[in-house]
Each structure stands twice: as C-alpha cells, then as structure tokens.
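Below: the structure, in structure tokens.
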Amino acid sequence: MAAAGGGAAAAAGRAYSFKVVLLGEGCVGKTSLVLRYCENKFNDKHITTLQASFLTKKLNIGGKRVNLAIWDTAGQERFHALGPIYYRDSNGAILVYDVTDEDSFQKVKNWVKELRKMLGNEICLCIVGNKIDLEKERHVSIQEAESYAESVGAKHYHTSAKQNKGIEELFLDLCKRMIETAQVDERAKGNGSSQAGAARRGVQIIDDEPQAQSSGGCCSSG
C-alpha cells in the first residue's frame, strides 16, 4: 500500500499522528477492544465508559512511525449528542457492534450516516463485529454485515477481545489506510503545500523526528 514513485521515499523518515474514534452502543465491547490492543488486558466484567477515555499507541509500519490517539466513547444514548466532540478531526473511525445483538448493528448504520454527513469520505471507516467467541449466539449474519460495509465504503472485521482475535489486524489495516490517505493528499497538494492538505484531516506529519522524542502515552509497540 506504499505510495508510488518518490512519495514512499519521502515519507519514510516521517512520523504520522492519527486520531481514531470508537463508536457503538454500550456493552458491545469497545473498551475491551482498546484495552486488549494497547495493554493486552481483558476483563470479563462489563466496563462502562463515561463520556470518553483516551489511549495512545506507537507503531512502526514499513519504516513509517505512527502515533495513534484512540478515543473510546460512551455508548449510552444520553451521551450520543457528545459524539461530534470526539469524532471531529478524526482520521479513522471504528464502529463496533455485538454479533449477538442485531440492534447494535442497526445503530452502527446511524453512526455511519452521521459520520459521512459531518466528515464526508475523508475518514477511514471500519465496521467491527465483536464477540465472535459467542458465535453460537450470533444474530447478525456475516454476509449482511460485510455487504453493508462494502456498500458504504468501509472495511469489515471480525473480532473477539476475550480471545484476542482480529484486533491486531484491524488496527494495522486501519493505520495502513490512514497512511495511504495522507500520502494521496500530500501528492495531490504538491510538495509546497502538502502539510496544509493533510492538516484538513488533522494529520500531523513530522519530518525526521528523532526516535528519542517518541516517548509517552499509555502504551507503545515497536
């Protein structure tokens, strides 16, 4: 997924900073996904997020350093109006539903409509069917979910925070897509104004950032 020509070489020494927001109903496992990804932790007890929590993750993808700011939002209906505060300027959105709960899947469709209305096609969307460890209790068909994701220009993923399945793939693929989107924007704007174009999406591109400065955050990965 690297950019063609000189774009890939130009981006090789850069650090990308991306904002990712998780959206979905309460009890679908958003917090469990983030904690499993960032800290490799899982709690069988339901974790209720009040308004939002914030975690960070550092990665190296094909020689490109990526700083992720991951916003985990509350799923309760009373917090829905706060959504725009958290997804504003996001580069990626992970829309989570519980495969055993048809209603949670239908609510994802509402989030997709809202995100497309507010942010257009510039945001990378991931639709995630979580709790695949409860396959026998599934109420959302795989074909229906994947077909819907394709129809709205999103990628679909199957995950289990409990069994640690599909989560690394989800975040890695999203990061690659966000890098590709940022590089396309850079090339479209030309060398002289690439930063301005990327800034519209909230992307921060730091040239030749020393590794020693890549500290901090709740979690990190090589």
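Note: Cβ is positioned from N, Cα and C throughout, glycine not excepted.
Looking at 41-54, 55-68, 125-138, 139-152, the stretch flagged in Swiss-Prot as motif 'Switch 1' turns out to be 41-54.
Range with Swiss-Prot annotation motif 'Switch 2', chosen from 74-92, 188-206, is 74-92. Mean model confidence for the motif 'Switch 2' (74-92) is a pLDDT of 71. On a Cα basis, Thr31 (Mg(2+) binding site) lies 9 Å away from Ala161 (GTP binding site). Geometry remark: Gly26 (GTP binding site) versus Asp72 (Mg(2+) binding site), CA distance 11 Å. Each of the binding-site residues Asp44, Asp72 was scored by the other Cβ atoms within 10 Å of its Cβ; the lowest score goes to Asp44.
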